[in-house]
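What follows is a short report on a single structure.
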Amino acid sequence: MTTDSNRLGDTTATETATRLVHRNVNNANSAVSSGEVTNHAEKHAEDLIQWKRHVERIKSKVLDQIQGQLSDLLDKALTESVQTFTQNGNHGNNHVTATNNNDNSHRTHTEKDGKVFMDRRSILDDLFEINHIRTIYHMFISVLFLFIISTLAVDYIDQGRLVLEFDLLSYAFGKLHIVALAWLLMFSYTLAVPYYALALWGTLYHRSPVQGVLSVGAGLVLSALQAAVLGVLPIYVVFHYQLPPASRFIIILEQIRFLMKSYSFIRENVPVILKHKTKEGEGPRGEFPRFPTFSSYLYFLFAPTLIYRECYPRNPHIRWNYVGVTFAKILGCLFYGYFILVRLCIPVFMNDSNTPFSTRTLVLALFHATLPGMLLLLLAFFAFLHCWLNAFAEMLRFADRMFYKDWWNSTSFANYYRTWNVVVHDWLYYYGYRDFLWLSRRKFRTAAMLSVFAMSALVHEYVFTLGFGFFYPVMFCLFAFFGVAFNFTLNDKRKSPVWNIMMWTCLFIGQGVMVCLYCQEWYAQIHCPRTGDSFWELVTPRSWSCSN
């Protein structure tokens, strides 16, 4: 449409110019006898130039208006097409269209009913195509090279030889065979039990005369199994085998991921079964709603999303070169984090553990940990939310890559919480916040928001407590107190760039607090181990009293 508008503008300008030229020629011929050829030609040439400029200005304005309207129409058409495909059960490119039946009315997912998935790239993939942004990325890589060079130089000066050992990584990721076995048990349970338990309940629900008792009984049995396998088993493995920190974090994070995915699968399909109504004249095979296929559930367990859908938009092919480069970036981030800990954190906090706890040592250590803490946060974001999720999305041809938004431009913590981790935020929003509003008949919005913050704070503290092997509620306090306060005070009404600076300053300080306190407590647990197993001995930080 834009091309046709350009051609129309060019044709109009050309015809007008042609008419003026013919008029100039006729006037020039008539002016030969009177000796006014030069004056008429110059005058009409100026008129011609001015007219052409006027036409170009009009043409530019018309094209701008047309392009704006066309853009709005395309955006509207794209949204409607996505919703239509979702309602019809289409799988996107190379996906099989779902069977059209009466149950499709219960499987529609619009923005009002739930998250809509569509084909879109991650923001950093788009930004890295800009030379200026790619240069900033290259600067971070050069800092990694400086860490490697400085480590080699220091080792050569101290030991007289080049040493590049990664003993910290080998310790942190130790006992991976136990991690793999525990993961396989959790995955096998999540793959089989929730799916077939829900299928059995859905089959018996419309046959049973006591549907309420059957539902409560099935819910209790499934909850007990979930608590035993996905609740107790990972904790038992972590403590019984005394796993190192990174191995602990893998098991605990996978435990939470499987719990969230199985809950989403059940939460999305139970309403479909409950709303299904048997029609008169239907045979035995037509009395029940169509249950999701096992392949769709298996795909969901690996897909980089926590919201279950029977189908997702898919890309036509896999870019294996992109997958290889992305996994290489993850490996680079792992070594980056290793050098940050070895060069900026361990030498400082290992020595500070021998000094008594005081306000002065705490403040100095806090500001020393600010820079490495922020670097670790950026590395965790880039390695997991961008590289890891995009790598699996590419291998699964998962087309919706909006795992995060431009959180770095946030001028409020409310927007930061929504855009930092879109994958987890969607789960909390649809299954925590919106379900709370539905149960309370949309009367307690503040309570719904506070419940989501409390849930997030408890889960984060649970992860850090089991991951590090000690209880030190730094993360809980940051989420439950400072996070809630910043969410209500630094809200979306503040748009000035000053508030973006404030947001970044608070992030720097928060990361410094976390790295400082957790590192101090880690070395205090080593130098001043517990002498008893009482409750207060377990919950009291050792760094407050350790001076050995």
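Using N, Cα and C of the backbone, Cβ positions are placed for all residues, glycine too.
So that you can see what the record holds, here are the features copied from TrEMBL:
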REGION    86-110  region 'Disordered'
COMPBIAS  88-103  compositional bias 'Low complexity'
TRANSMEM  136-157  transmembrane segment
TRANSMEM  177-201  transmembrane segment
TRANSMEM  213-239  transmembrane segment
TRANSMEM  291-308  transmembrane segment
TRANSMEM  320-341  transmembrane segment
TRANSMEM  361-389  transmembrane segment
TRANSMEM  470-490  transmembrane segment
TRANSMEM  502-523  transmembrane segment
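Fewer than three CB pairs closer than 8 A are found between the transmembrane segment (136-157) and the transmembrane segment (213-239), and contact between the two stretches is not assigned (pairs 6 or more residues apart).
The stretches the transmembrane segment (361-389) and the transmembrane segment (502-523) are in mutual contact, each linked to the other by at least three Cβ pairs under 8 Å (pairs 6 or more apart in sequence). Among the listed stretches 177-201, 320-341, 502-523, the one sharing the most Cβ pairs under 8 Å with the transmembrane segment (470-490) is 502-523.
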